[in-house]
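K.L.:
TrEMBL lists these features:
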type	residues	note
DOMAIN	21-112	domain 'Ig-like'
DOMAIN	120-209	domain 'Ig-like'
DOMAIN	227-312	domain 'Ig-like'
DOMAIN	317-401	domain 'Ig-like'
DOMAIN	407-494	domain 'Ig-like'
DOMAIN	499-595	domain 'Ig-like'
DOMAIN	600-698	domain 'Fibronectin type-III'
DOMAIN	703-800	domain 'Fibronectin type-III'
Amino acid sequence: MSNVCFLAGGDVCVSGHDSGPVFEEQPSSLIYPEGLTEGKVILSCQARASPAASYRWLVNGTEVPLGLDLRYTLVAGSLVISSPESVRDTGSYQCLAINRCGTIVSKAASVKFGYLNDFPTDSRSPQTAYEGAGTFLACRPPPHYPALSYRWFINEFPNFLKNEKSDGRWFVSQVTGNLYLAKAEQNDTGNYFCFTTINMDISSKSTFSRPNQLTVLSDANPRKSTPSIKVRFPAETYRLAGQTAQLECFAYGNPVPKLRWRKVDGLLPAKSGSSVEGPTLTLPDLSFDDEGIYECEAYNSQGSDAYQGRISVQAQPQWLQVMSDSEVEISSELLWSCIAAGKPKPSVRWLRNGQSISTQDRVEVNGARLKISNLALEDSGMYQCVAENKHGTIYSSAELRVQVQAPDFRLNPVRKLIPAARGGQVKIECRPRAAPKPSLFWSRGTELLTNSSRVTVAPDGVLSILNISRADEGKYTCFAENYLGKANSTGHLSVRDATKITLAPSNADINQGENVSLQCHAAHDPTMDLSFSWNLNGVMLDLEDSAGPYHRIEGKENIGDLIILNAQLSQAGVYMCTAQTVVDSASAVAKLVVRGPPGPPGGLLVKNVAETSVELRWSRGYDNHSPIGKYVIRGRWALSSQWRQMRTEPSNIEGNAESARVIGLMPWMDYEFQVIASNILGSGEPSMASHTVRTQQAAPTVAPSGLGGGGGDRHELIITWTPMAREYQNGDGFGYILAFKRTEAPTWTTLKIPHVDSSRYVYYNDSLSPYSPFVVKIRAYNCRGEGPFSQIAVVHSAEEEPTLGTTGHQRHSSERL
């Protein structure tokens, strides 16, 4: 490129009006069909620029002879090549966009020519294979560019194998084009043709081979064979991130082998889909996570064969950081960085107006960093950083403008009136436009100011005056000078009375829900407005919200009292009142204590769980400035969502306690607990609920109720009771023990009914007389033991005729003895 001059001569880039070129469209690589001589190749290029850009083109680093060779024409910025030819026009093309602010170079676009020759007309040798054996037919494609896709048809076009065979015996490699047959059968005899297709940007072309004659010889007893992998993917496959990888694997064998894939060093990516059980493993949109060793296994009833290879994922360059357009004053320093990611790691080089730059004189190029010291006007222009690795090249552009200007205060003069408070301080800025940076100094009247204990002139031109008095009033002028000229600007310093707090707020101590007033009065210079603001613990309060708790007393300008209505615990803290004018401010603070009910206890734990009691432990919460007097424990259980106060030991829990025992609980029941603290101002928020605990199991303590019965069919005794509720069961393995006897009998008949929901028992006996009296009693049992018997009830057997409503069809829920 160094032999081509890209700068437009004579014109000057006007700051604030012109702009260098920025690409909006760049050329793309293409493959053109060889021999299509009447066509055209179009390489796009369009740039935004002011004034409009002109364009030039390079091919393989040499300028395209626009205007000299009529085959080349420029349409806007795009290059049109008429009647393209492989010998003359193959190459790498770049577009240059140029205006008086500079030149930029586009990314490179390759023009290549695609072709597919015909297959040779020579006959192909016939092939034979035995039934049950594997074989392959070679495609031997003709010369071509780019890669081909392959299909095979049998006997006549378009009898393609893909459509004819679906039993997994056939495979067409898209790498070699060869046709593989895992296990030959007699009906496979025929003529096979390799059909190849090439796809280019504007057309496609296909051709097919001479016939490959295959004869399959019969075998009365085809031999079984273990799989043997014949199509293998490369031991190392390189692909770019975002691309698709396809690994091929195919095996001979009898029976026809099945195929499965796995990733040796991890899980197969889900995106591989159904291809994990086919001859081609497809991995779309590759990422670095997909790197690793992949294995293909072929297996049948006779055995298996396996093969492994690695996929390595690499990446084209991508920008992580680029430079941006910069306006920099003359004689200063420029530092630009361009950082790119990629695999392998990209190298970075730099261009100025399309030409390479390297370290020399004031320029230092250090890989991804460009540094230019003591900037001069000729450093202005278009800069590009170029990142490249073997997979691609990317460009980033920016414009550098080196400014030069005499000092000028028109856009940013010194303030005309500068108020300041007595005893306070003031800073007066001096910021003229100038390039290079000007020398700055100040005067008061005719007196040149120098640094002292009260007066400081900073390097950036800011004048500071401390402990101001009336004597400091007057005119102050800033002077600026560089080698291009001088300028000055003047302001008037006016000294005002300082703002002071005359009545500061006092500390206050109140109970939650009460109102409080915090006073704040101030004195200030009457020529200025005074405003008040308040903050709590450093956070500004909203005094405009009429529905909020904070209100200002309206009235005299120098009174800023704050009223807090219905004070809450969250409103305790340090309040600061600030009285402020445009020149100064004064502040005072007061502490507000809000006393209230205690906060929630913390760290509630349940310990020592027994049948009817548990132990609770907790830690104290905030007492909110009033000592905790006592604690109350509440609980709820699985059958009730309501919190209820629990019985405890001790019954009254003192305020210094941190544990207690809850008693009177039901065995085998799920409970949650919470603790509430109280003081003389009320009860606080409950603690967080404990985790749910289940009390220990115990034998039942009460007997079932509602014992009775009667009625039923002839020769029956029906006994009924009310099933026991969950809270009385006390354990699992729950059931009932029923005892009954004739009133005159000496012994009881007892039996177990192991169903918690049972409510009825039917006793049947052929010798049972109608309406015979029986005495019955019932008790409950569970895995921990038996409960007490109920009181005895008298029940009569059935009368002679069935009682209404207790017919035999009810026996589905009964038992007979």
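The count begins at 1 with the first shown residue.
Note: Cβ is positioned from N, Cα and C throughout, glycine not excepted.
TrEMBL labels come from automatic prediction, so no person has curated them.
Give me the structural setting of these features: burial, nearby parts and distances.
P.N.:
Across the domain 'Ig-like' (407-494), DSSP helix (H, G, I), strand (E, B) and coil residues number 3 helix, 46 strand, 39 coil.
Taken together, the residues of the domain 'Ig-like' (499-595) have an average pLDDT of 93.
Taking H, G and I as helix, E and B as strand and the rest as coil, DSSP gives the domain 'Fibronectin type-III' (600-698) the counts 0 helix, 46 strand, 53 coil.
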K.L.:
Looking at the stretches 21-112, 407-494, 703-800, which one shares the most CB pairs under 8 Å with the domain 'Ig-like' (317-401)?
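P.N.:
The stretch with the most contacts is 21-112.
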